[in-house]
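Chemist: The structure that follows is given in the form of structure tokens.
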């Protein structure tokens, strides 16, 4: 700073005046407040800028030089030497020394000013450090309080969910108990309706039950053999195929026997109805007998009263006759009455005797009637006792028949479970993709003609029942067969029951993938999501309810599970995070993010920067599904009022560990709702809808190319042709259990798309992707979710 303020000198030696300051012995005075001494006008104070008389301090005292501001410094720098000639070196030297002293005083003033600034800066810095420390302490305390509040809020939320779940469970238990009581009452009433005719078929049913027991024993033996072979399935695959064919024959026989039993049950139902009518007539007869018994009892009571009255009248008449006879004798002996009086008395006696004889006859008649009524009463009592005894016997027989029927039905159910288990085992050994077909019901606003009603039919043969579907188009029949076919009357519960075992595999450590395919408006979203309501929920909410319920039941065996969920959509070949914080109402604030699909050597798939949420109950997933549904891209077309315009992918990562055995499992459940294929001529899409339709059809076409390449066994499978196929690569070409739902429309206007969907499903069903592998070894997972 001093060198910048020093004026240029005409002499070269004055260029380094700033450096000569140290050699002159000029020492700065003590620090002081800025300009305080100068403004106060102190003369000899050490805080005042002064100049010594000479170089050694021997000269006369110089006047005090004070600087009050920048103007004084500039004035000093602008000062010129005058009054001396060029040859007067001594005078010029004195002027130069005086000028140097002024410069030294100026420099000293600047140094003191700078020292004051430094002191004030140090004070401000210490004050700022103290304020920052206090602010950090306060911020840490606030963060701690906020974390405690969040933890308390989360705890209260979990307690509320737990209480609500307990309340719903108790309410459901009560409703179940009421339904059970009502069902038991109805069964008791129906049991009372079975009487005499069941005894005719009792022997035949017992023979059939015995035959069913023998067949069940044979099935159990077969099951035992299959369980023994299960330990060496990989080594003896060909042998198991032979056993599977034998099991198929047994299953066919069981299906036939099941049909026979269903016919027997129908005949038993008819028999029950006839027995119910017979019981009603018996009850009517019994009530009539009881009414007649009561009437006879009343008549007997009346007859007894009349008999008692007649006996009293007879006794009174006899006493009167005796009295008159005694009087007559007395009259004859004592009074000597006239003959006329005697005749009148005789007439009276005869009348009395006639009355007595008539009353005697009436008494005999009443006694006979009383005996007949008593016999009838005894006969009615005997009949009632016999009827009650027969009723109790029939009740015992009916109970025995019901137990046998329930046992036979249980055997049929167990045989069907065995069939499903064997079928799943065969499919796992083959490594095929399983395919289920579901037919959507005709909509109410569509006029269904006879041609539309006859468009789709279902084979009734034992081999194809429940697995085949026939389609008529222009007089030509197209037949297809899949692992399961659901007609238009199948409920959401029926659909989920068939695939519940596959969902269970995710908890066992397998990778599971379920996706819905079909044209737009064929019911894919209804099958996967379903509308709100207990009976209408789709595969995704039902699967999550089963997983959480099963994981809770396994806690008693030492298992603990942690689950993470994520949801995304592929819209116009762009991945969108449906759970992103800034996404709502189909508007994505995080479109700047570039989501990348990555596969690792273990077959796990991750999507970078994707939102992953920890879930602890089905209620947590329900709220996430509601948020994702609001964010998903939907639109209106001519074929569908609410058409999904993107592929929806829900993924649940499951990590489980057993404290007792130390075993760890890691499973993944992928549930996918594909966008529907559509033809531009029918959908009438334009603008953005046209771009969406083209992107959807392109990705589905890429999926078809992948399926065809796998079916033909090509060395190269074009998984990278679309985001959808690249995301599904572990499911279509890895070691996962994969199930495809093909949804079709029964309308005649959609028959072309329906045939294409069914043909594509047949090719998918023929694809062999490898045997599923269970992941039981502990591995470090990325913090983001795996789609493997």
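Note: Cβ is positioned from N, Cα and C throughout, glycine not excepted.
Annotations per Swiss-Prot:
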type	residues	note
BINDING	518, 519, 520, 521, 522, 523, 524, 525	ATP binding site
COILED	121-430	coiled coil
DOMAIN	432-767	domain 'Kinesin motor'
REGION	1-63	region 'Disordered'
Chemist: I'd like the Cβ neighbour count for residue 518 (ATP binding site), meaning other Cβ atoms within 10 Å of its Cβ, all protein chains included.
Modeler: 27
Chemist: Sort out for me which one of 521, 523 has the most neighbouring CB atoms within 10 A, since those are the binding-site residues we care about.
Modeler: 521
Chemist: Based on DSSP, name the secondary structure state of residue 519 (ATP binding site): helix, strand or coil.
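Modeler: Once the DSSP labels are grouped into three classes, residue 519 (ATP binding site) ends up as strand.
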Chemist: Around residue 519 (ATP binding site), which residues of its chain at least 6 apart sit with Cβ under 8 Å of its Cβ?
Modeler: 676, 677, 678, 744, 745, 750, 753, 754, 757
Chemist: Under 8 Å between C-beta atoms and at least six apart in sequence, can you list the same-chain neighbours of residue 522 (ATP binding site), or say none if there are none?
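Modeler: Residue 522 (ATP binding site) has long-range Cβ partners 440, 676, 743, 744, 745, 750, 757.
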Chemist: If you draw a 10 Å sphere on the Cβ of residue 525 (ATP binding site), how many other Cβ atoms land inside?
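Modeler: Around the Cβ of residue 525 (ATP binding site), 25 other Cβ atoms lie within 10 Å.
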Chemist: Which has the fewest other CB atoms in a 10 Å radius around its CB: 520, 524, the listed binding-site residues?
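Modeler: Per-residue Cβ counts within 10 Å for the binding-site residues 520, 524 bottom out at 520.
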